[in-house]
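Take a look at the structure set out below.
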Amino acid sequence: MTVTVGIDKIGLYVPQYYIEMTELAQARGVEPSKYTIGIGQDKMAVPPLDQDVVAMAANAATSILDEQDRLAIDQVIVGTESAFDYSKSVASYLHELLALQPYCKAYEIKQACYGATAGLQSACDYVRLRPDRKVLVVATDIARYGLGTPGEPTQGAGAVALLISANPRILALDSQSISYTDNQFDFWRPSYSDVALVDGKFSTELYQDCFCQVMASAKQAGLSPENWRNVVFHLPFTKMGKKALDALAQKGSVDADLIERWQAAYEPATRLGRQVGNIYTGSLYLSLLSYLTEVEDLAAGDSLGLFSYGSGAVAELFSGTLQEGFREALDLAALKAHLERRQALAVQDYERIFSQRLPQEADYQVAHQSQEAGFVLDKIDGHRRYYRQY
Ligand code: CAA
């Protein structure tokens with residue numbers, strides 16, 4: 001018997017603060033249209049010090065979990081490339097903060113922005129074998145390149161929580177997929193650096209190449225791109241997926257009508273990312289959420305492709321089918337309110353927050369900068385991080 005498995009719930013957390021890209025452009029002496037059109041970003045999320053990757057992940061997951069989920073979740077898997085500990089996983093903190101059942105396993109996956117997709121695929125495999133159980137996958141990241149760098153307008157922060165179950169209410173995922181690995185230095189972050197190192201132009205070329213590579217082998221892998229209504233992309237900035245589609249069109253290896261259909265359908269999937277920025281592991285799922293909430297004539301049975309990319313580089317192309325009632329399973333009003341609650345920062349306040357660091361050795365009470373209910377990093381005591389729920 002084939003078990004239908006996939007995304008049953010999606011939770012989003014974005015920090016309370018953002019900066020307008022037009023203001024950032026003016027402060028950097030750049031034409032605002034370079035950021036808003038050339039790169040395709042309007043706002044960039046700015047996390048205060050008390051919203052680290054654990055707090056953001058807990059806030060994203062709390063928004064979707066109920067008591068039954070907590071008892072049924074057998075694994076919590078975190079994808080992140082912003083972790084603060086080489087040993088203890090973000091997932092282990094989450095297990096406690098979310099009050100998950102004690103026999104649940106918790107671990108973290110790292111492969112740049114691809115990590116959460118590896119977690120998602122592993123979660124689906126697990127649930128296919130145990131359809132009465134669930135897995136929580138959380139993508140949580142803070143994208144940092146540095147003040148005044150070319151990467152600065154492509155920063156952002158946020159977390160996406162995905163509850164994986166049998167008979168999912170949102171998107172059933174197909175078991176076929178195609179992955180591609182190419183060991184490169186397009187974007188990476190050595191352990192001694194708190195900002196990413198990036199070969200910007202090369203990174204955009206490698207992304208496009210990886211997309212063309214997986215598309216070239218999609219059919220042999222059992223995927224059916226001709227049936228996909230659209231492809232949603234990992235979006236480090238909203239122009240990136242468009243560049244990938246243009247590159248595919250230039251190759252001439254895929255039917256031009258198909259690419260034109262995806263190009264025409266591209267924009268709605270970028271709307272949330274345009275307001276938040278790059279959230280690394282969660283960006284693909286932010287695009288998915290954007291597409292599902294912004295396109296009114298989507299229907300159950302519509303099939304979608306998803307392109308996941310993690311620098312370094314690993315890519316995966318996979319697909320899913322929208323389920324009956326998917327709209328009701330997405331809390332559109334809550335999503336809208338979550339984005340509208342945010343407050344704009346002046347450039348100097350963003351720069352001050354960006355430059356704040358947690359002390360490495362001293363015990364430290366973290367200022368409660370998030371002026372809202374939810375989880376925050378409260379203090380560091382004996383090198384241990386402690387969280388608090390307001
Ligand atoms: N009005 C409109 N457009 C303008 C403009 C203006 N006044 N001025 C410039 N532009 C356009 C340029 O023509 C260019 O468009 P195209 O790419 O379509 O040619 C675009 O704005 C960007 O300008 P530049 O080419 O001058 O690029 P830049 O030096 O400012 O850097 C970047 C852009 C490489 C993306 C840089 O922001 C960066 O390094 N970002 C981080 C790396 C990144 O996100 N890479 C993406 C692939 S890697 C990945 O996906 C993993 C991940 O999450 C990081």
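Yeah, the Cβs are placed from backbone N, Cα and C, and that goes for glycine too.
Remember, TrEMBL labels are computer predictions, not curated facts.
TrEMBL names Lys243, Asn278 for binding (3S)-3-hydroxy-3-methylglutaryl-CoA. Of Tyr145, Tyr350, Tyr364, the residue it gives for the same site is Tyr145. For the domain 'Hydroxymethylglutaryl-coenzyme A synthase C-terminal' (260-387), the model's pLDDT averages out at 96. Least packed by the Cβ count within 10 Å, out of the recorded positions His234, Lys243, is Lys243. Among the recorded positions Cys113, Tyr145, His234, Lys243, the ones whose Cα is located within 10 Å of the Cα of Glu81 (active site, proton donor/acceptor) are Cys113. Residue counts for the domain 'Hydroxymethylglutaryl-coenzyme A synthase C-terminal' (260-387) under DSSP, split into helix (H, G, I), strand (E, B) and coil, are 48 helix, 32 strand, 48 coil. The least crowded of the recorded positions Glu81, Cys113, Tyr145, Asn278, judged by other CB atoms within 10 A of its own CB, is Tyr145.
Residues Tyr145, Lys243, Asn278 are recorded as binding (3S)-3-hydroxy-3-methylglutaryl-CoA; their most distant pair of Cα atoms lies 22 Å apart.
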